[in-house]
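Enquirer: The structure follows.
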Amino acid sequence: MLGARALWRETGQQLRMLRMECLVRKIKTSNWMSFINNRHIPAVHRTTKPVLFQTLSSVENINQEHDFTVNSKEGFKLYEHHIQTSFIQKAMLAAGSAFMGLYDPTRQDMIAALGETTGYPALKWMHSRMLNDPVGSEILRVKPRITGKTAPIIELRNLPDGTLGREYARFMDNNKISADTRTAVKFVDDKELAYVMQRYRDVHDFVHTLSGIPTVSIAGEIAVKWFEFTQTQLPMCALGAMFGPLNINVTVKERRDLLMHYIPWAVSAGLQANFFLNVFYEKRFEDPIDSIREELNLIQAPKV
């Protein structure tokens, strides 16, 4: 509970800092116009290192393969990174993280907190979909994690072109990202549902790889969020999908491509595809990626 109270105070501090920053931006019109024209994602709060950012993205919270398969070192925690919060605390954290997430979509800590504090009904539904599937139920039983150890990019690069592992490694290399950077789940007060949320995050890059959306960009993330929303019903995905195109960093061309091509594809593909969490990706690295697309009944995104 002490940790939750600290987060409550830190959220208020973060919002006060943001209000001051917005006031400064409003006064400095020339800087604001430069900000729009350059389409530069703001990074002021990163240089000031607010306490909330440090708390939610602590370097100590490194994901491990055993986070959900062994008991936490601290008895009051349900799993390794768990932070117990009340209903009111969750509501306030959800409001603050939603505001920050819309202001700066690159704040993965805020997006993560929003998903965890608003996603309980959706997580229950996702859990039931996994539980009623042979592969999904096995994943829930074993609780595997996708990390740099379980998905070693160096080894996956040596697989033949067209295999899931090779194409996944190519995607990760092209975008200079790592499986170890996924934010740890903290605010879900149910160990099973917390794992479902973590699994959803862990396989996010496989959605990019399988769908053929090649880059991690605001437009690419919006398209994937539409697909994920139709599959998971997570409110966080809905928020990103609906308000993402309004972000000032989305160019006119990207917005047009989203409205005319990517969003219609994402909704249609998400509705007709099998549940993407019911694939044991770690066991399928050597399989042809097209066979997994066929298994999922997944149509690739249009080439724009």
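Glycine residues also receive a Cβ, built from the backbone N, Cα and C atoms like all the rest.
Bear in mind that TrEMBL entries carry predicted annotations, made automatically and left uncurated.
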Enquirer: Given that TrEMBL annotates HIS204, ASP205, HIS208 as binding Zn(2+), state which candidate in GLU221, GLU254 belongs to that site as well.
Expert: GLU221
Enquirer: Taking DSSP as the reference, which of helix, strand or coil describes GLU221 (Zn(2+) binding site)?
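Expert: Assignment for GLU221 (Zn(2+) binding site) reads helix.
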Enquirer: Of all the binding-site residues given, HIS204, HIS208, which has the fewest Cβ neighbours within 10 Å once its own Cβ is left out?
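Expert: Selected from the binding-site residues HIS204, HIS208 on minimum Cβ neighbours within 10 Å: HIS204.
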